[in-house]
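Trainee: For reference, the structure I am asking about is given below.
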Amino acid sequence: MSQNNTIRQLAELVNTPVDKLLEQLKEAGMPFDSADQEVTSAQKVKLLGFLRRTHGRGESAAAPAGTEPASGKITLSRSSRKQELTVGGGKNKATVDVVVRKKVVLKPGASDGASTRPMTDERAEILRKLEESKQRNLDEQQRLAATDRARAEERQRKEEEVRLAAEEARLAAEAAASEVATQVAEAESETKPTRAPAKPGTHGHAAHPHPPKPARPGGQDDARNAGNAKHKTRGSHVMVAGVEDDDNAARFAGKLHLSAADRARRTTTTSRNKPRHSRSSDQSRTGGGEHGFQRPTAPVVREVTVGDAITVSDLAQKLALKGGDVVKALFKMGVMATVTQSIDHDTAVLVVEELGHKAVRPSDSDAETELLAQVEDAGQQGELAQRPPVVTIMGHVDHGKTSLLDYIRRTKVATGEAGGITQHIGAYHVKTAKGTISFLDTPGHAAFTSMRSRGAKLTDIVVLVVAADDGVMPQTIEAVQHARAAKVPLIIAINKMDKSDADPMRVKNELLAQEVVAEDFGGETQMVELSAKSGQGVDELLDAILLQSEVLELKAVPDGRASGTVIESALDKGRGPVATVLVQRGILRKGDYLVCGVQYGRVRALFNETGEQVAEAGPSIPVQVLGLSGVPDAGDDFVVVADERLAKDVAQQREAKRRESRLIKQAGNRMEDVMAQMGQGASQQVLNLVVKADVHGSMEALRESLSGLSNDQIRITVIGSGVGGITESDAQLAATSKAALIGFNVRADASARKIIDANGVDLRYFSIIYDVIDQVKQIASGVLGKEIREDIIGTAEVQQVFRHSKFGSIAGSIVVEGVIRRGKPVRVLRDDTVIFTGDLDSLRRFQENVDEVKHGTECGIGVKGYDQVRAGDKIECFERVEVQRTL
Ligand SMILES: Nc1nc2c(ncn2[C@@H]2O[C@H](COP(=O)(O)OP(=O)(O)OP(=O)(O)O)[C@@H](O)[C@H]2O)c(=O)[nH]1
């Protein structure tokens, strides 16, 4: 049995580091290259001798190295003496005691000449186990290293896949969505070369889908991350991790025990690796730092569509900017606007360009244009044919409008079945021997003007009902003004002729004053005497209407796709949105796709005024439509289109455009706007006015004075005037005709104010005729000056009047708007008309004098020099402010 050991084994046996043993062997004259070389018994003896010599011992106990002892064997007797052995080197150099515990007999003469010391079974067993354990450890290390490598490769593969997918998606999105942006960016990069270098980086990705760190050139990163080891390894972390794992495996493989330092190193390496792994995978999840954090390669140039007007906030949204940024940009351009204000197209385009973006007009190929093309095609295709007239009935309160409409409906509408009842759907049509007539059955001019203000011209003829026993009244005059403004011919129905005090001549004469001249007076206006109660003269009225319609030569294309206007609409619980429409062109059929204002849909069913389902409706015929997506507004137009897609697109675009037009409407009615337009064109500008005054005398005076202010540049037309508060009807007239409203000692009621606000009507209150004339004169002559405006700061409603022996009449009131302040002038209003102007005498709350009383609070008001205040009156508190007029 060979007793040769490798140097490593021997080192373990004598518990000496391998290096040290090698060094000692070398010093003993036996240089070895590797720890795995075998040491013969003779060499061991030689080493022992050397060691003894080095430690000052004689060779007495042992034969000199290389010589055989006489007995033929060398016996190292057990010694309890310790021997020193130096281990380690440098700083770690230490001396340890070596105790020889067993007797070792070295027998020369073995076949290989090696030591023949017999191994005990125990030792052999230990060595075997050690060998096995070492092998197992090595295997385990290798297995772990292999697993780590496999994991790393898998992770790398997955990261690569994710990165490629993200890259592909990004490239696809870039290519599709920012073609224009890229062009602009390229164009810009030509003009601004400093921005260019970022670009090739991006292209680099496309060209090399697998670069380890493609987002930025490596050099940049290295420079940026110099001294930051973590960052350095990030880009190719997976590979490095693999190498490290391999290193670990190699470093620790073959080592049965790990020194504390090694253990610590290993633990830290592993624990350091773990978070790094997770960081690495996190990184790759967000695109390996490329997709998630890629810098924009060029400024994003947005293309925004700007219509005729846009609010600052909408524009900011389109530009993906804060409202304040756009306001700032506008400010720099000299335009003062808040985020809620609207700016016109030109200003919007300038600011968009100033901000580095591109403004475009809404595309010509938009859905609305497609629709218009379709409508025009349809309109041009068919032959024009005569169509029935559409009539609106107007007149003063109680003159018999409803009675007349009901009489005609009751007696003339053809009900399908016996006993069929006509229904109020907003309109109906009657068939007479001479022709068909359609009536809009919402009497009064409010409905008429609201339609007109929406741009809907439905009415062909206005029938103005005047009670023969009452004559021309304020609303009769208003109706004349409205019809005239809309350029719609009038037919006068002199009603209540059955009454004994009926005086048709008086009516005709009074109308003459309004420049409405009866035929028998040599004029053009047909006047029919009738009774809505008895029906006398109603047929003559129908004849007169048909005659007028012949004169008007009312024509429409009777076939092809229908279009028209919504008369009335509602949300029916059972049937959904229901709209009564008046077909104005073509023929509307069940199953048609239509766009109706901002709504769209497919006609599910059509009903006529008797509640019967009909298959179709032609020009001038009102019909109820079911099947719309929502409730349209009265006055909205409707158009039948080829398919649902177009209907939907148009509806959506209209929604956007409706907003725009609302904005435009809100600006532009002001008197100053008219003035601003002066001089822009050669033609004379027109300033329309609606004047309301407290008394007839003031109204007449204003009318004449204002009309007389016209000059070469501006024509001032009082298109409406009257006595009394400003009503909804006045506001409608002003809004529709783009007129300014002048209230002379009168105020607008709540419903009028709503229309005024919604339409941006320029409403001005005055109490001195001279002020009105002066202001309009200044506008007419183009002179800008200061104006005194009366700002109403609060209004109180009188609940009850108390008589006080000391203070006189005290109006127990509640402040309904703003604030009432002591020391400010006040006006007393009755039926929205000023009845007194003066000063506030006292203002009290619970017996205490107060300086001001706010909205919603009760108070006692004493008006200086006036004790005729009544419950129901309004007390208006105002202040006079001098303001510089601006354009
Ligand atoms: N004697 C007589 N009375 C009539 C005639 N027409 C209407 N009346 C009456 O006049 C009153 C008012 O008639 P309406 O039809 O309600 O008048 P209106 O113009 O519609 O009134 P508003 O809806 O309040 O604007 C009613 O009492 C009718 O009965 C008529 O020809 N002769």
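Just so you know, glycine gets a Cβ as well, placed from its N, Cα and C.
Annotation comment: TrEMBL describes 395-402, 441-445, 495-498 as GTP binding site. The compositional bias 'Low complexity' annotation in TrEMBL covers 172-186. Residues or ranges marked as domain 'Tr-type G' by TrEMBL: 386-555. Residues or ranges marked as region 'Disordered' in TrEMBL: 55-92, 131-235, 256-297.
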Trainee: If H, G and I count as helix, E and B as strand, and all else as coil, what does DSSP give for K401 (GTP binding site)?
Mentor: helix
Trainee: Report, as a single number, how many Cβ atoms besides its own are within 10 Å of the Cβ of G395 (GTP binding site).
Mentor: 27
Trainee: Around M497 (GTP binding site), which residues of its chain at least 6 apart sit with Cβ under 8 Å of its Cβ?
Mentor: A468, P504, E529, L530, S531, Q536, G537
Trainee: Return the members of D398, K401, T442 (the binding-site residues) with CB less than 6 angstroms from at least one atom of ligand 1, or none.
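Mentor: Only D398, K401 qualify.
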Trainee: Quick check on the binding-site residues: of D398, K401, T442, whose CB has the lowest count of neighbouring CB atoms inside 10 Å?
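Mentor: Minimum Cβ neighbour count within 10 Å, taken over the binding-site residues D398, K401, T442, occurs at D398.
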